[in-house]
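Student: Sharing the features that TrEMBL gives for it:
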BINDING   Lys3, Thr4, Glu5, Leu6, Arg7, Arg129, Leu130, Gly131, Phe132, Gly133, Ala134, Gly135, Tyr136, Tyr137  ATP binding site
BINDING   Leu49, Glu54  substrate binding site
Amino acid sequence: MKKTELRQIQKQRLQAYVGPDREADELALRQHLFATTQWADAEVVAVVLSTPMELNTTPIIAAAWASGKQVVVPKIVAKQMRFVAISPQTEFATGALNIQEPLHDEAFPPKQIDLVIVPGLAYTLSGRRLGFGAGYYDRFLSNYQGHTVALALQPQLLATLPIEPHDQLVEQVLTGF
């Protein structure tokens with residue numbers, strides 16, 4: 001199956017994954033993340049501002065701030081992804097990929113990011129990832145030296161995924177089930 005077809009299937013699966021099972025899955029995933037050494041040791045965490053179909057990252061951002069971590073989120077500027085720091089006072093607008101982005105675009109140094117929570121539509125336990133198709137994270141991760149983790153909801157975990165030479169592996173794929 002081609003990546004474009006698989007992306008459509010995964011989007012449908014995620015949109016249909018609602019209710020108590022999803023809520024329990026998300027809670028277990030957050031608890032699993034918060035128990036990792038990578039989370040405990042991280043001073044700066046990169047995380048996407050989630051869309052309704054994705055795992056809700058708002059509680060992750062709140063937990064990071066509550067534990068004194070700095071949070072950075074992706075922003076597309078001139079067709080390039082950069083990470084920018086946010087705080088509870090940050091103002092947002094809908095950005096290039098139809099996701100919320102900070103109004104400011106001051107780039108945060110990638111070398112100072114300790115942990116990147118990598119978004120995607122599907123993952124394998126071996127670290128393969130099916131992204132949304134724009135390649136922003138693969139390009140970023142190709143030069144990133146810190147820790148990466150993916151949080152896989154039940155419909156996102158697959159036995160295998162098509163992979164291409166430019167695809168970057170995620171260091172750790174967590175599940176909540």
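Backbone N, Cα and C atoms are what each Cβ position is placed from, and that goes for glycine too.
Buried or exposed, and what's around them? Tell me for each listed feature.
Tutor: Of all the Cβ atoms in the protein chains shown, 18 others lie within 10 Å of the Cβ of Lys3 (ATP binding site).
Other Cβ atoms within 10 Å of the Cβ of Glu54 (substrate binding site) number 18 in total over all chains.
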Student: What are the sequence-distant neighbours of Phe132 (ATP binding site), meaning same chain, six or more residues apart, C-beta distance under 8 angstroms?
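Tutor: Non-local contacts for Phe132 (ATP binding site): Arg7, Leu97, Pro119, Gly120, Leu121.
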Student: How big is the Cα-to-Cα gap, in Å, between Glu5 (ATP binding site) and Glu54 (substrate binding site)?
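Tutor: Their Cα atoms are separated by 18 Å.
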Student: I'm trying to understand the geometry here, so how far is the Cα atom of Leu130 (ATP binding site) from the Cα atom of Glu54 (substrate binding site), in Å to the nearest whole number?
Tutor: 13
Student: Helix, strand or coil by DSSP: which one applies to Glu54 (substrate binding site)?
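Tutor: Reduced to three states, the DSSP call for Glu54 (substrate binding site) is coil.
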Student: In angstrom units, rounded to an integer, how far apart are the Cα atoms of Glu54 (substrate binding site) and Ala134 (ATP binding site)?
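Tutor: Between the alpha carbons of Glu54 (substrate binding site) and Ala134 (ATP binding site) there are 17 Å.
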Student: Would you identify the secondary structure of Ala134 (ATP binding site) according to DSSP, in three states?
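Tutor: Assignment for Ala134 (ATP binding site) reads coil.
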